[in-house]
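So that you can see what the record holds, here are the features copied from Swiss-Prot:
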BINDING   ASN126, ASN155, 183-185, 196-203, 415-417  ATP binding site
COMPBIAS  1-15  compositional bias 'Acidic residues'
COMPBIAS  1308-1320  compositional bias 'Basic and acidic residues'
COMPBIAS  1321-1334  compositional bias 'Acidic residues'
COMPBIAS  1348-1364  compositional bias 'Basic and acidic residues'
COMPBIAS  1379-1391  compositional bias 'Acidic residues'
COMPBIAS  1419-1430  compositional bias 'Acidic residues'
COMPBIAS  1512-1521  compositional bias 'Acidic residues'
DOMAIN    743-1190  domain 'Topo IIA-type catalytic'
REGION    1-47  region 'Disordered'
REGION    381-386  region 'Interaction with DNA'
REGION    461-485  region 'Disordered'
REGION    1016-1025  region 'Interaction with DNA'
REGION    1204-1587  region 'Disordered'
SITE      LYS526  site 'Interaction with DNA'
SITE      ASN529  site 'Interaction with DNA'
SITE      ARG701  site 'Interaction with DNA'
SITE      LYS702  site 'Interaction with DNA'
SITE      LYS751  site 'Interaction with DNA'
SITE      TYR785  site 'Interaction with DNA'
SITE      SER791  site 'Interaction with DNA'
SITE      ARG832  site 'Transition state stabilizer'
SITE      ILE884  site 'Important for DNA bending'
SITE      TRP959  site 'Interaction with DNA'
Amino acid sequence: MSDADPFDMSDDDDNSVLSHTPPKKQKKAPTTKKGGSKPLADVENESFMDGIEESNNQDKDTNVSEKYQKLTQLEHIIKRPDTYVGSTERTTQHMWVYSSESEGMEYREVSYVPGLYKIFDEIVVNAADNKQNDKNMDEIRVTIDRESGEISVWNNGRGIPIEMHSKEKMYVPELIFGHLLTSSNYDDTQMKVTGGRNGFGAKLCNVFSTEFTIETQDSRQKKKYKQTWTENMTKMGKAKITDAKGADYTKVTFKPDYAKFGMTGMDDDFEALVKRRVYDLAGTAKVAVKLNGSRIPIRNFKMYMEMYTKAIRRERGDMGPAGKNEIITCSPDPRWEVGFAVSDGAFQQVSFVNSIAITSGGTHVNYIADQICSKLAEQVKKKNKNGATLKPAQIRNHIFIFVNALIVNPAFTSQTKEQLTTKQSQFGSKCVLEEDFYKKILKTEVMTNILHFAQQKADQMLKKTDGGRRSRMNNPKLTDANKAGTKEGHHCTLILTEGDSAKGLAMAGRAVVGPDLFGVFPLRGKLLNVRDASFDQIAKNQEIQNIKNFIGLQHKKEYTDTRGLRYGHLMITTDQDHDGSHIKGLLINFLQAQFPSLLKIPEFLIEFITPIVKVWKGDPKNPTKQRSFFTMPEYEAWKEEHGHERGWEHKYYKGLGTSTTEDAQIYFRDLDRHLKEFHTMQDNEVELIELAFSKKKADERKGNVRQFRPGTFLDHSVDKITYTDFINKELILFSMADNIRSIPSVVDGLKPGQRKVLYTCFRRNLKKDMKVVELAGHVSGTTAYQHGEGSLQQTIVGLAQTFVGSNNVNCLEPSGNFGSRLQGGADCASARYIYTRLWPFARRVFHNHDDPLLTYNEDDGAKIEQEVYVPVVPMILINGADGIGTGWSSSTPNYNPEDIVENLKRMMDGEPLKPMQPWFRGFTGEVTAVGQDRFKFSGIIKETGDKEVEITELPIRTWTQDFKDKLEDIIKAEKTPSFIKDYKDYNTHTKVHFVIQMDEKHMKTAIAEGLEEKFKLSKTMTTTNLVAFDPERITKYASVEDIMKEFYAVRLKYYERRKQYQLSEMQKELDKLSNQARFVQMIIDGKLVISKKKKAVLVAELKEKDFKPFPKVKEAVKAGETEPVVEEEEDSESGDTEVLSNSYDYLLGMPIWSLTQERVEKLRRQIGDKELEIDTLIKLSKEDIWKRDLEDFINEWRFQNDEEARRQRKVANMGRRTSSKLMTTGRGGGAAARKRKAALGDDPDDEDFAAPKSKKSAAAKKTESKGGGLLSFLGKSSAKPKPSPADGGDSDDDFDMEIMPKKSRGAPKSEPKADPKPKDEDEDIVMEDSDIEEIIPKKSRGSSKPSVKPESEDGQAKIAEAPKRGRAAAKPKPKPKSEDEEDELDDDDFMEITKAEAAKPSAQPARSGRKTTKYAELSDSDSDNGDDLLGDVSKMVKGIGSTNGASTSDSRLLFSERSRPGSSAGLKTTASKASKPSEFDADETDYSKLVPSNTPRRSLQVKPKDAKVSDDNEPEDDDDEPVKPAAKGKAAAKGKSTAAAANQLLQRLVVGRRKMLPKPPPRLPCPLPQRRTHRSNPRPRRPRRRS
């Protein structure tokens, strides 16, 4: 050791006190300084040591050898201890120490010697380091002898090897503890997380001890080693090595050299500091720690942290139990433990690195603190918007951080290891705090403290807005009092009104009382709730600043009178409604929170009240009697007492704007009646204001609202209003109104806005589409909706939405874009563009038989919507409900109607309920119960390749666009590393379909973690907040079963009432029928004479004969069924006699011709039927009636679901054309499509949407048709049976063999027939294969079908079903069709066109000279093939009127004859072929009778009357060449007879029609020249009558 340079510290210069670089990087030693606390590095020139030894007498003549000295390492440590162990001088500072008295931590002033503390710490850290070397170590024992000053530290685990060092030739324990610069931590290539680094450690303790003993046992060598050093390690005793059995352990016992630290022994402060360090070990080393033989109760880091928070509470005087979130812990990595607590306004930290107590923090503390402060800064910015920006250091002052970390090869500022300098990148691990950790932090008081600090910081800003006693204010909205701001200002009154409209009333009153003492200022909406607002928010609130300026208020000033203010009184003038009460409350809240002393000044705050109802007699301008009411309960009580009096008129004053200027002047002339002073605020009333407006009092508000009882109102007859009465009797009405608007009823599951919409729709019987914006206007006018129509439009849209996650049963039918699951309804179109109507299903839910039993609300004396509906099933469970009110919120998921109906039936049968789980229509994912009242909704994800996954369902109410945004964020990798490469979007408005590509590495990780978890494809929904209004008050239900039981009880009562009501009504009808029968019979028998008598006499006679009077005149109409009943006009002077006479109008109003014996017989039959009906109802129980309604409901539910599924299948099976412009290909014609269709189980009747079948099969199908002549053939479908009435009219195949008629094109550019409404030239329609079959109208139909299929009820064109037809009527004499007539053929028209086509001249343009027709997909028609496949009928019916078989039609060619992309083969001509025999040739029917007279017909030349575009009138149509009119008689002169022509027609159409056509491609495009307009809403056409 003597050969070593005492200043050579090259082995440890990476971690020297001058080293600020990571390990293994060398740095030149800087120039040393006198008394420096930093160790020295390599020194080449000893001249650098100048100044090491101080000279007190520099004038002495000393030689150079004495001046320059070289010390040994040991001598240098003793000479300059501050370089190694810190200062040896006593230091006083505030530190955390252990208090034996309070048995906890204590933050106090401590006087200690840092060097002494450090040598003890080195031994403790060595013991803790052994835990990293041997994981089996589990105990540390520390013994402190206060009397002798001796300290010992014992630990088990692997001991020090008792072996001879091969190089140093000494035992290893002696080498480690008795020789400097020895360590096992010099290999920086090893990633060690121990505290030892420099090779000093325990040797420093030995050096500064008078006695130092090491004792260790090696179980492998079975030896025990003990050795003692004395006199500052200068004397070493002989090692004692003995044989021993037992476990390994190491024990260090030392007695510090207190003299070198200026101490005589251990004092109280040092003992407290040593004990705190022992407790540090217990909390951080993860081993059992004993102090003086007793086990320390601290088991983990969290318990250790709680010692500090208890001390903080104790210092505050809070001796209560710790809060739930007082200490928040997080351990995102095995090497990190992080704790958070709220500080008292200064940043505090307690941290450990490898069990070393880091008193000055360092990079590890900054690493954690920066993350927390960054998250807190985000929240501060959100909650303190537009306020003063806080710096991170200001936020840091409010947090207390605990860190226990294991850092690889840590570097410190000095050997004292008070501050870590290792860079974050070299920690060897990461500690990214979890999101849940942040959420828990935000729930503590830290945010409140930070915001409070921000508010204090903003005080200066608020003082800038303080008002002063100025005589003039610059604000155009303010009408200032003339004396405001003067010495008489305290007599002035500032009137605050609710909006500009109310300002007019105040201004009119101001004119009465004079402008000198009254000022007026209108408020804009509701005042800010300053109870939980920041100062920045208040400072930016213009209304509050205006009030401060106008009154002259100064921030935080205490007022005892108003003499220093511009206004001495503040008058609130608002509407007498709930919102007006809320505005008053907000103003009171502002004054109490900001200027509480003002509310203790008498007469400062007053309110101006106006009547809410006025009643009078006589002329409203000059009434004989008049009375005003200031509350509705007060008016209702008066009405109950005086309702029988006649002549009273009433008027509701819903707002201050209802009052006229004359009314205002009357009010202000009687100020004593209309002014109500608020009583001075009492101390206990402050809590009431906080209860009403503080967010922290939400739970207390729930109880307050539940205690509300209907009929509560504030009595305005008192002179002064207390704040207690205002809160409990007036403001609570606003809270209740808010809850009623937001929380649904348990009976019908509706909120008032939804109820108003349904009431309006039921009242209007809204069966036709109406714009949403228009319906909102009707609802607002019908039901007195008092809020904006925008929210009402959203309510209507919500009732009609059907996408996954919305309604299970929608009451309104959507017609237009009402939103989808892409954005959760946010993608809904504007209310101006969408339509809705009542869904027919709605009356299955809200039965009309219940309407007379319901209680209706009233507004302004008029009946409006019901208080509550009583649906057949609990809609609150079927459609769910969500809402947030005052103090209450509600969240009820959707349930399956099938399950609900089954359980209702089980309740009727007395059986237990089956458990139900949430269910959403259309959701294909999995729903599982994950605990009591908790359900997990999982999406669907599956692995489709080595690097690919497919997502086909998302958790409920996770919208497609939101999930797509998340995928984009993952790809951007701004927050977290990306684990996906790309994705493909195949989503539709109803289906979810993502295909995601991943790297192989990430794919394996995702599979190991779970694909569902990796992509967050699950969401939990709870049923713990089932809040709803029961029939009496707001209630929180414990379970869904409780809601079912509550609904069951209410609904069953209504079924009993419904039965009684129906029996009562039936009995009335029976009595009327009986009286009518007896009345008519008596007249017939001559027992009653009604002629030549006065009405009064006749009424008296009827009463004498016991005819029952029915006073309702409306019932007289029912008495005569559909016959009109004569009602005599009322005479206001006739009085009770007239009322009595009207009661017999059901008899006297019967028509004279009904006074017959036949009528008597009919009435008797009706009486029998009615009696039978009554008996049937009597036998039914209320449960039976309910079960019948439930069956109707569930059958309709299933039918609607089946219909919706069928419509979706048909739309999905519709083909897609090839588009040369958009580069899309056709779909649906291949084997794969047929296979897919078969797999879906599609109805084979959906043929009109499928690709055409082969010609062979088509021909075979047609040959099965039965004979019977042309007319019999025309009356039936060729291959389908006649649909039954149960099918709802025509079947899908009713469209077979029908086409649009086409007129001759004799004249250039002539229109065959104009459509009933203009067509858009930009719209094309592709005629489908079903249209090919629509050639001949069906005989069975009473009227022909329109050219465009009518719309279904949901606004979409019907695809498969034709509208029901009425009975055929006689057809008048044919006349030329007008443009407004339908475009279809009946039997006679068909023959007329046949004859016209036969009369056309032959036109055979060269096919080679034709231009190639372009095709594009521009169709949205209902079927796949257009009528362009057929061309004119005469094109297929060759030979009619022609002897040579050539074509005689100049109509456009068959679509199949045109050249098509990818096919140059046209339709083979059949003109020269002879007619084949047909089974219809033997028919003897004379079809010539069907042909009109032989008057020659020329080609029609129709001049266009407007811009309507027809099928054949396009400028690009090169086939439509002008043709001269045919010569007269040409059709008759040509070869065949009319009958033969008809037979030829039949042959072509029935037997050989499909043979004539080549097999068309799966999807035929529409030729651009032949453009047709698709009318989505065709105008109804007049049906043509058949003769």
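Note that Cβ sites are derived from N, Cα and C of the backbone, with glycine treated the same way.
What Swiss-Prot annotates, mapped onto the structure for a quick look.
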residue : record                             : contacts (Cβ under 8 Å, 6+ apart)
LYS203  : ATP binding site                   : PHE177, GLY178, HIS179, LEU180, THR182, MET233
THR416  : ATP binding site                   : VAL85, GLY86, PRO114, LYS118
LYS702  : site 'Interaction with DNA'        : GLY887, TRP888
LYS751  : site 'Interaction with DNA'        : ILE740, ARG741, SER742, ILE743, PRO744, SER745, THR795, ALA881, GLY883
TYR785  : site 'Interaction with DNA'        : GLY753, LYS756, VAL779, LEU792
SER791  : site 'Interaction with DNA'        : GLY753
ARG832  : site 'Transition state stabilizer' : LYS771, VAL772, VAL773
TRP959  : site 'Interaction with DNA'        : GLY805, ARG821, LEU822, GLN823, GLY824, ALA826
Output the one of SER183, GLY201 that, of all these binding-site residues, has the highest number of other Cβ atoms within 10 Å of its Cβ.
GLY201
Could you measure between SER183 (ATP binding site) and ASN529 (site 'Interaction with DNA') for me? Cα positions, answer in whole angstrom.
66
Please work out the mean pLDDT for the residues of the region 'Interaction with DNA' (1016-1025).
93
Other parts of the chain folded back onto the region 'Interaction with DNA' (1016-1025), taken as Cβ under 8 Å at six or more residues beyond its ends:
889-893, 918, 930, 933-941, 951, 954-958, 966, 1036, 1039-1040
In whole Å, how far is LYS526 (site 'Interaction with DNA') from ILE884 (site 'Important for DNA bending') when you measure between their Cα atoms?
19
Which number gives the other C-beta atoms within 10 angstroms of the C-beta of ASN126 (ATP binding site), all protein chains shown included?
22
Just give the helix, strand and coil counts over the region 'Interaction with DNA' (1016-1025), going by DSSP.
0 helix, 5 strand, 5 coil
Through the lens of DSSP with three states only, how would you label ARG832 (site 'Transition state stabilizer')?
coil
Cβ atoms within 10 Å, counted per site: which of LYS526, ARG701 has the most, among these recorded sites?
ARG701
C-alpha spacing of LYS526 (site 'Interaction with DNA') relative to ASN126 (ATP binding site), in angstrom:
67
May I ask which residues of the same chain, at least 6 positions away in sequence, place their Cβ under 8 angstroms from the Cβ of ASN529 (site 'Interaction with DNA')?
LEU586, ASN589, PHE693
Measuring Cα to Cα, how many Å separate LYS526 (site 'Interaction with DNA') from ARG701 (site 'Interaction with DNA')?
21
Per DSSP, three-state class assigned to ARG701 (site 'Interaction with DNA'):
helix
Around the Cβ of ILE884 (site 'Important for DNA bending'), the count of other Cβ atoms that are within 10 Å:
13
Between the Cα atoms of ARG701 (site 'Interaction with DNA') and GLY201 (ATP binding site), find the distance and write it as a whole number of Å.
62
Let me know the DSSP-derived helix, strand or coil state of ILE884 (site 'Important for DNA bending'), please.
strand
